[in-house]
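Here is what TrEMBL records for this protein:
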type: DOMAIN; residues: 127-418; note: domain 'SAM-dependent methyltransferase TRM5/TYW2-type'
type: BINDING; residues: His216, Asp254, Leu255, Asp282, Gly283, Asn330; note: S-adenosyl-L-methionine binding site
Amino acid sequence: MIPPPIQRGMIVLNRELFRHEVNVVGIRVPTSSTAKFLKVLNKELFNQPKLRNVVDDPGSNLSKIILMNLNVQSLDLDNVPNEMKDFINKEGLGVVRHLVELKYDYWGVDDILKAILPENSESPSSFTQVGHIAHMNLREEFLPWKFLIGQVILDKNPKIMTVVNKTDMIDSTYRFFQMELLAGKNNMIAEVKESNCRFRFDFSQVYWNSRLHTEHDRLVKMFQKGDYICDVFAGVGPFAIPAAKKGCIVYANDLNPVSYKYLQENISLNKVNSKIYPYNLDGYDFIKKAVQDLEKSLTVVVDKTTSSKSEDLVANQSPEFRTFNHFIMNLPATAIEFLDAFKGLYKDKESFIKNPRVDLPMIHCHCFSKSEFPETEIIKRINSTITYPMQADKFKVHFVRKVAPNKDMFCVSFRLSQEVAFAIESTKNKGDLDEVDTLSHQANFEKSNEQKLVSKRRKIE
């Protein structure tokens with residue numbers, strides 16, 4: 001591709017400075033012979049992206065101009081093979097020069113940015129699209145050009161209306177990143193389609209990460225129709241709403257009142273009002289309240305069923321106590337700390353939990369790790385929090401994504417143990433816990449094929 005004019009030092013985008021004229025050698029040919037000439041000159045044609053090899057002849061309506069390769073500079077056609085030259089002289093109408101005018105619109109984002117930024121710089125053109133919003137995470141070295149970069153992104157992506165950059169400031173309570181508007185409309189209300197669901201939210205006030213789409217789908221695929229799901233840090237519903245559409249009953253919570261507002265809106269938007277119970281509580285309090293509310297709701301159902309004269313209603317309702325099938329804890333920075341809420345969560349309910357249909361729930365806890373041996377480090381942190389040591393082979397550690405060069409996100413899945421759920425007194429002291437945790441992991445933990453690939457990828461990096 002023909003490169004744009006170099007504009008080092010430009011801070012404010014000036015599109016007019018990217019006008020560029022290219023002098024091209026052309027062959028005037030009869031319009032009726034155009035196809036014949038294109039076949040003969042095939043290897044010597046202009047062949048530039050987004051530009052035509054054949055243009056109108058400004059001097060005649062009866063002829064066209066076929067543009068030659070940029071390596072052909074002389075009107076004498078010095079670089080052209082003799083056979084082609086003889087054909088041109090015999091069948092053509094002459095050799096001319098033709099000016100091809102290129103403008104800012106011709107080049108892509110990378111072309112423009114490479115012409116502006118310091119030589120050998122990487123092009124900071126990557127972004128995550130959230131509805132009409134392009135979400136960038138510019139490195140410090142590119143901040144002097146941030147508004148220019150944002151404008152180029154806006155210009156070159158027709159579906160983008162707003163370009164924002166993530167700042168270093170994080171909301172201390174609700175953990176979402178502050179956004180800086182770089183270009184376009186200051187409209188942060190995004191609408192996104194994911195997993196056959198629609199989501200609407202204020203991107204500047206809630207947490208949303210489109211790169212977690214695969215993880216959302218992975219967990220939801222584990223759920224069965226009729227399962228009871230407890231989503232502790234639900235956000236605007238990327239786990240909860242697809243699960244409800246699948247036929248699950250979901251208790252979904254978020255501490256952020258804005259997330260809670262849009263969670264409610266998205267529940268209605270996707271017509272799953274009868275399947276989701278939304279909460280606006282601290283995660284620790286919600287875990288306990290959700291269990292209590294589920295028990296109360298089943299008690300009400302049993303009372304109604306018992307008093308009803310309808311045999312069909314009696315047959316379709318279960319009077320038995322039940323637990324949630326799954327707890328989702330997608331707050332990777334701190335979710336492990338909330339596992340303490342499960343201690344004694346089902347204390348005094350031991351007699352009700354006897355068979356697989358009402359088994360203790362699976363917990364899916366997301367977390368970060370910077371360790372060289374993340375599985376060992378994560379399991380040790382979990383066992384330290386729940387204080388009842390579990391063997392390492394009871395955990396499934398799934399690699400989710402690389403967050404930073406030395407920081408990965410994982411999801412740890414395990415079944416809530418009886419010791420934790422019923423608060424059974426442990427006979428092991430802290431020293432025993434560390435020994436069981438470390439030795440059992442080293443001896444028994446087998447990495448999945450995916451984790452082996454992750455380890456191999458790290459070695460390469």
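A Cβ is built for glycine as well, from the same backbone N, Cα and C atoms used for every other residue.
Automatic, uncurated: that is what TrEMBL annotation is.
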Original post:
Counting all other Cβ atoms within 10 Å across every protein chain shown, which of the binding-site residues Asp254, Leu255, Asp282, Gly283, Asn330 scores highest?
Top reply: Asp254
Subject >> S-adenosyl-L-methionine binding residues His216, Asp254, Leu255, Asp282, Gly283, Asn330: largest Cα-Cα distance, in Å and rounded to whole number >> reply: 22
Subject >> His216 (S-adenosyl-L-methionine binding site): tally of other CB atoms within 10 A of its CB >> reply: 23
